[in-house]
Amino acid sequence: MLAATALIAFFTKLGILADLLSVSTLFIFMLVAVALLVRRYYVTGETSSRDRNKFLVFLGLILASSVATAVYWALEKDDWIGYCVTVPIWFLSTAGMKFLVAQARAPKLWGVPLVPWLPSASIAINIFLLGSIDAKSYIRSIRLFPKPQSPLTTETPRLLALSQSDGRWRYSSNNPESSSFAVGLAFETLGGVISLAPSEIDQSLPHWIDDFFGLLDDGTFYFDGSEGPISTTASVIRGLKSFAASESTGLNLAGDKIVGVAKFFLGVGIPGDAKDFFNQIDAVACLEDNRQCYFHAPSMQFLFGLFQFAVPLILSLSSTVISLTKKEPLKVKVSTVLGSKAPALNVKLTQALSSGSKGSSIINNQELMFDADSATYFLDSFPKNFDVGKYTFVFEILLDELAHEKVYITEAQTKVPIAATGAISIENAEISVLDSDVGSVESQKKLDLTKDGAVSLSANHLQKLRLSYQLTTPLGHVFKPHQAFIKLKHESQVEHVFLVKASGKKSELVIVEFLKLHFEFKLYYLSGKYEIQLTIGDASMENSLLSNIGHIELDLPERPEKAPRPPLQPTDPYSRYGPKAEISHIFRVPEKLPAKQLSLVFLGLIVLPFIAFLIGLTRLGVNIKSFPSLVGAATSALLFHGGIGAVLLLYVLFWLKLDLFTTLKALSLLGVFLLFVGHSTLSHLASASNKLKSA
């Protein structure tokens, strides 16, 4: 500060310099005095409301009377009547603060004396001096703060230098690694910079946004990074909103990509991490609030430039399952990402593609009707050839008014998977036992699979079991279920499951060859009664079944000695899903401790050398005649012996309580301490010995 003041003194007059510096100096001194009074008379939570109010009144009177005195001095050079009013007010306000307001804090070590008289006088004097400075000094003081340069001309080139060829950004020029998360931060920064210089945006608008959003061409509709896909994508959305909200900024982004990003946030559910949950809600709110950029646009250029980054409209279905039995209509709703009402529009079902068809559509360009009460678009009837199965419905949203196209974004086409369900007809069901050699039917029975049966069959290992049935859709087409299997369950609860495979276009057939199973040891030579159970299920089948057909008596040969035995079955079949027994890990079996008497003998053997050491000291006539007598040397000697004692004590603690690492840390500190005090002690003894020899 002193060097800067001396430099300014070369270019201006001393009086002007004094006035210039006094403006800021006096103002700061006045603020310090006010802060001193506040600190002395007010403490949060301790000062009562009454004392606080009285303090504020007296402080306001002190400031007001000081300002009035300074103003009166500047306006009236010769009159003195005003001082008879302002000065007593200042004096009485200070006295009232002194005697009517209790101090909330007392200085412990040192403090300003004569409180509040001295701080109050400082306030009055500094305000009075501020009022005596001429207006030119205030103007020169304001001009000390130069007008900032356009941030676009200084900061934007530095920011754009961090962009990469693939659209990603770096955090700094020193870090070569690029990140999608940094893109959002860059967008926010550029939006703030551009908002400070809107007139220069057309010449400095970057062209890397399309390159970056080209990363979404693979259909993922989210950005990934080290922070995770939710946080990274939310950062990009926040940056885009800030960038688009800057004046005269236009973004040419595809509507499918913006809607795809919105669907990503809506489709992830509720994240388990609180940070991801916050970023999800914040990003969805940014997409919802884009309409504010449109309504508050200051120019038509911005109005028509922003329309392709506006509010995305989301098409949703009340249910993606359509029951042909209940004749349920198709219901579609269009809203914003947060469920707000959509503008006037039309919804058209352009295609309905079956998963089994090769590009042929059963519904083409069917416009849905609108229900104003529920704000729902619906299709109440389907074509006659609409059968059970899986479909892909393709919808198209058309806005009624051109003005809405400037505010809202829709997908070109929205594809929704639909499952059509219905009652499947089960016919021509029969079960039979066949001979293995000629395939002749030995016994055959009709079945009603819609209810449990009581079929009783018998067979040996040389025969086969055949089950056949026919499944048809409501339109008479052959239906192939997703799951179909038959289960044989022995009296001992041993189960055998066989998949049902299609043998033709009109029936399902399963053949169980007992001879083959016999040689593969799958039946474990268990003769006796087997329960027969059939399971048929599919997502499009409303009448999926679990039917107990009956039982079959199997006569199998006796089990050889080396044949595998059937596995043990739990008493409760669901116990396998219960909690498992706790496993206790033992890394090392503890060694057996010796007898107590043996331990005491070894303790005595350890103590004996110490006793012998003490006896040797008494025999040698140990004395402390050579102990240093000087204060400094004696202090070093005492510290040295104390350090040795501390090492011995640490050794005892190591055996009783401390671990090795803690002991080594303490021993290293004691070793350094003993090194210095021991060196000092030995140096004194060596010096004393040399003096004695020279004498």
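Using the three backbone atoms N, Cα and C, a Cβ is placed for every residue, glycine included.
Keep in mind it's a predicted model, so treat the numbers as computed, not measured.
So that you can see what the record holds, here are the features copied from TrEMBL:
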TRANSMEM  55-74  transmembrane segment
TRANSMEM  80-102  transmembrane segment
DOMAIN    110-141  domain 'Cationic amino acid transporter C-terminal'
TRANSMEM  114-133  transmembrane segment
DOMAIN    158-288  domain 'Ribophorin II N-terminal'
TRANSMEM  302-324  transmembrane segment
DOMAIN    313-419  domain 'Ribophorin II second'
DOMAIN    427-554  domain 'Ribophorin II third'
REGION    557-576  region 'Disordered'
DOMAIN    587-687  domain 'Ribophorin II C-terminal'
TRANSMEM  598-618  transmembrane segment
TRANSMEM  630-654  transmembrane segment
TRANSMEM  666-686  transmembrane segment
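Sequence-distant contacts of the transmembrane segment (114-133) (same chain, six or more residues past either end, CB-CB distance under 8 Å): 19, 22-23, 26-27, 29-30, 32-34, 36-37, 40-41, 62-63, 65-67, 69-71, 73-74, 90, 93-94, 97-98, 103. Under DSSP, the residues of the domain 'Ribophorin II second' (313-419) split into helix, strand and coil as follows: 4 helix, 57 strand, 46 coil.
Residues of the same chain lying 6 or more positions beyond the ends of the transmembrane segment (55-74) and with a Cβ under 8 Å from any Cβ of it are 34, 37-38, 41-42, 47, 82-83, 85-87, 89-90, 92-94, 96-97, 100-101, 120, 123-124, 127-128, 130-132. Computed over the domain 'Cationic amino acid transporter C-terminal' (110-141), the whole-number mean pLDDT of the model equals 78.
Taking DSSP states H, G and I as helix and E and B as strand, the domain 'Ribophorin II third' (427-554) has 6 helix, 74 strand, 48 coil.
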